[in-house]
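Under the heading active site, proton donor/acceptor, TrEMBL lists Y131. Per TrEMBL, the feature active site, schiff-base intermediate with substrate maps to K160. The pyruvate binding site annotation in TrEMBL covers I204.
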Amino acid sequence: MAKIIAPVVTIFNEEEKPDYAGNKKVIDFLIEGGLDGILVLGSAGEFPDLNEQERLDFFRFYAEYVNGRVELLAGTGCIRYADTLALSNAVYELGYTPMVISPYYFEMDQEKPFVYYDRLAKDVKGDLYLYNFPPRTGHSIAPETIRRLIDANPNIIGLKDSVSTPGHTNMVCRAVEGKPFTVYSGFDDQFLSNIANNGGGGCIGALSIIVPEIWSSLVKAANERDFDRTFALYHLIQKLMPIYDMDTNCSLILKKLLVHRGLEISDRAVCPFNQMNAAIYQSAADLLDSVLAEYRSMR
C-alpha cells in the first residue's frame, strides 16, 4: 500500500527556538488531513539549526503529542558519526524509526557511504532508513551500493530518494526487488512513477504539509485503483510543484502558506532564510488558492 509522509516544517519563535504551541497546530492539521506519517526534523524541518540536545527534546515533544496517531520518522543525521549514532539510538525509545542522511559537505566515492551506513546499521539498536539527497550532500548513493547495504544489513528497511529525476529511484527499486525494503520518492511529482515499481512505497513530499487533504485523497485513490481520480488528483499536485522553485529554501514559503490556510502560527524561519519577497509569496498563495478551489470542485 502506498503512503504519504510529510517532512514537516518546524515552527520557531522570535528567539529561533521551537514554538511548541505552534508545532502542535501543525501536527493536528496534518493528522486531520489524513496523512500516513510525519518525518520530524528532515530538510524542511531546518534540523541544522538545532543542536543535538534540542533535537532530542523536540523529538520527545513530538512523540508525546502525536501519541501513536501516525507513524513517526526522525531525521537523525549529524556531521559527527558519534552524534548520529547517539541520536538514532535515543529516538527508538520514543517510538521513531531514524532516517539518516548520508554524510554531507565532503565529496565521497561509493565505498564511503557504504562503510558509513554499514557501520551505523551494525551499531544502532533497531531499523533505519537511508536518505539520499545529492543536492545537499554532494554525492548520490548508487543503486548497487544500496543493494550491498541491505544484503549485509537486514535492519536497513528503506530509503528516501530525493533525486530530481525518477530514473535513479526506478533503478533503486529494480536493484532491491524481492527484498523487504521500501523506497519513498522525495519529490511529490514522482509519486506515480514510484508506486509503479515493485518496492515503491509512495512519497515523503513537502507539498503534503500545505495540502494534506489532497495528498491523502490521492493516496487513497491510488490504493483503491481508482485511476481517473488518481490522475486528476496527481495533476493538482503537479500544479503546485513550482512552489519548490520560488525560494532557495522551501521552509519559509511553506510556513507562510500554512498561515495563509488559516493556521495561527509563526511563519518565522531561521536566519538567513527568514526573508521573502512579497510578490513571490503572493504568487505562491494565488497558486495554492487555485489548486484548492479545483480540488473542492472535484469532491
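In case you wondered, yes, glycine gets a Cβ from its N, Cα and C as well.
TrEMBL labels come from automatic prediction, so no person has curated them.
From a predicted model like this one, the values you see are computed outputs, not experimental measurements.
Structural mapping of features recorded in TrEMBL.
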| residue | record | Cβ within 10 Å |
| --- | --- | --- |
| Y131 | active site, proton donor/acceptor | 29 |
| K160 | active site, schiff-base intermediate with substrate | 29 |
| I204 | pyruvate binding site | 30 |
Q) Cα of the residue listed as 'active site, proton donor/acceptor' to Cα of the residue listed as 'pyruvate binding site': how many Å, rounded? A) 11
Q. Helix, strand or coil at the residue listed as 'active site, proton donor/acceptor', per DSSP?
A. strand
